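S.K.: Structure below; questions to follow.
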């Protein structure tokens with residue numbers, strides 16, 4: 001074997017001797033089981049155990065550890081010197097109960113019973129309990145015994161350390177007389193020797209309530225102390241279980257709240273992502289490209305209407321405004337739409353008819369046209385002038401719209417209205 005390992009083992013054993021509570025750690029349970037398998041017993045060092053307990057306070061105890069602690073507490077209670085007086089239930093059969101008979105006892109039987117009672121009392125005084133028991137068994141065999149007879153035999157059975165039979169006779173006595181104080185007290189003694197402190201406490205309290213006996217005070221005090229310990233221990237277990245359940249419910253509630261919060265967060269993130277995607281798709285819109293549409297105007301134009309349509313009178317001319325549109329549309333594009341002859345006379349001071357479109361429709365892809373269409377003020381201005389022609393002079397003299405008018409004159413629309421576009 002490795003000498004260094006042996007030295008380490010010696011040091012470990014020495015530390016265990018100084019503080020045996022080390023062996024109570026879960027990781028050393030195998031070593032603790034090994035020691036106990038050879039009959040060894042590990043006792044807690046209170047200071048060391050409390051210190052170790054405080055160090056591991058953040059760790060939760062398992063159910064097995066709690067059960068081990070409870071078993072150790074019970075073992076410590078078993079070492080109580082007061083419990084050395086406890087006796088075990090007897091294995092022998094209980095003495096027979098009285099037979100069921102009809103009618104009343106004869107005078108001879110009554111005389112015999114009285115004689116047996118006197119003999120039994122003398123035997124009890126001389127502590128000849130076995131012989132006294134035989135006398136009471138014979139008395140009960142006649143039938144119809146009183147509650148007192150059963151109580152007397154129960155007292156003898158208790159002296160013979162037969163608590164089970166004693167309890168049975170006391171119960172029979174109470175069935176005959178529920179107010180028999182002696183039956184309660186004797187049965188309380190039997191329960192006390194069996195270590196059934198709760199039953200002993202109930203019977204002793206009831207017996208002393210009916211007929212108080214100061215000679216039983218010491219036993220009554222012992223029973224009360226034991227009962228109090230049992231009650232407190234049971235109350236402690238109940239409170240501990242309730243606290244355990246409460247912590248469990250709180251833990252489950254925290255999990256549910258955390259899951260709910262996480263779900264809400266994911267829901268908000270998904271909505272935010274969907275809104276972002278929607279905004280991105282809307283911002284991807286672009287203006288239509290007119291490239292390739294009607295290059296150089298519509299070739300050939302529309303065939304003219306025979307005779308042409310009478311020209312519409314122009315809009316009333318404004319001083320400094322656009323020149324009047326002369327007569328109707330001329331032939332326009334070759335083979336195109338016939339000019340619309342102007343209305344004779346037109347409106348006084350009005351604008352002449354719209355001249356024909358030389359070369360067809362205006363080129364929508366020209367720089368001037370694109371600049372006009374990209375200017376929102378142009379559409380607003382045109383809409384306002386169509387609803388109120390008097391605004392033409394206002395827009396023409398407004399420096400804000402000067403550039404629009406320049407582009408309009410240079411565009412094909414300006415040519416349509418009599419302006420010559422700049423080359």
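Cβ atoms here come from the backbone N, Cα and C positions, even for glycine.
Copied straight from Swiss-Prot:
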{"type": "COMPBIAS", "residues": "46-60", "note": "compositional bias 'Basic and acidic residues'"}
{"type": "COMPBIAS", "residues": "61-82", "note": "compositional bias 'Acidic residues'"}
{"type": "COMPBIAS", "residues": "264-276", "note": "compositional bias 'Basic and acidic residues'"}
{"type": "DOMAIN", "residues": "361-423", "note": "domain 'STI1'"}
{"type": "REGION", "residues": "46-82", "note": "region 'Disordered'"}
{"type": "REGION", "residues": "260-301", "note": "region 'Disordered'"}
{"type": "REGION", "residues": "292-362", "note": "region '19 X 3-4 AA approximate repeats'"}
{"type": "REPEAT", "residues": "113-146", "note": "repeat 'TPR 1'"}
{"type": "REPEAT", "residues": "147-180", "note": "repeat 'TPR 2'"}
{"type": "REPEAT", "residues": "181-214", "note": "repeat 'TPR 3'"}
S.K.: So what's the average pLDDT for the repeat 'TPR 2' (147-180)?
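M.R.: Average per-residue pLDDT within the repeat 'TPR 2' (147-180): 96.
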S.K.: Are there residues at least 6 beyond the ends of the repeat 'TPR 2' (147-180) whose Cβ is under 8 Å from a Cβ of it, and what are they?
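M.R.: Residues 87, 89-90, 92, 94-95, 97, 120, 124, 127, 129-130, 132-133, 136-137, 139-140, 186-187, 189-191, 193-194, 210 contact the repeat 'TPR 2' (147-180) from elsewhere in the chain.
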S.K.: Using DSSP, how many residues of the compositional bias 'Basic and acidic residues' (264-276) fall into helix, strand and coil, respectively?
M.R.: 13 helix, 0 strand, 0 coil
S.K.: Taking DSSP states H, G and I as helix and E and B as strand, how many residues of the repeat 'TPR 2' (147-180) are helix, strand and coil?
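M.R.: Final tally across the stretch: 27 helix, 0 strand, 7 coil.
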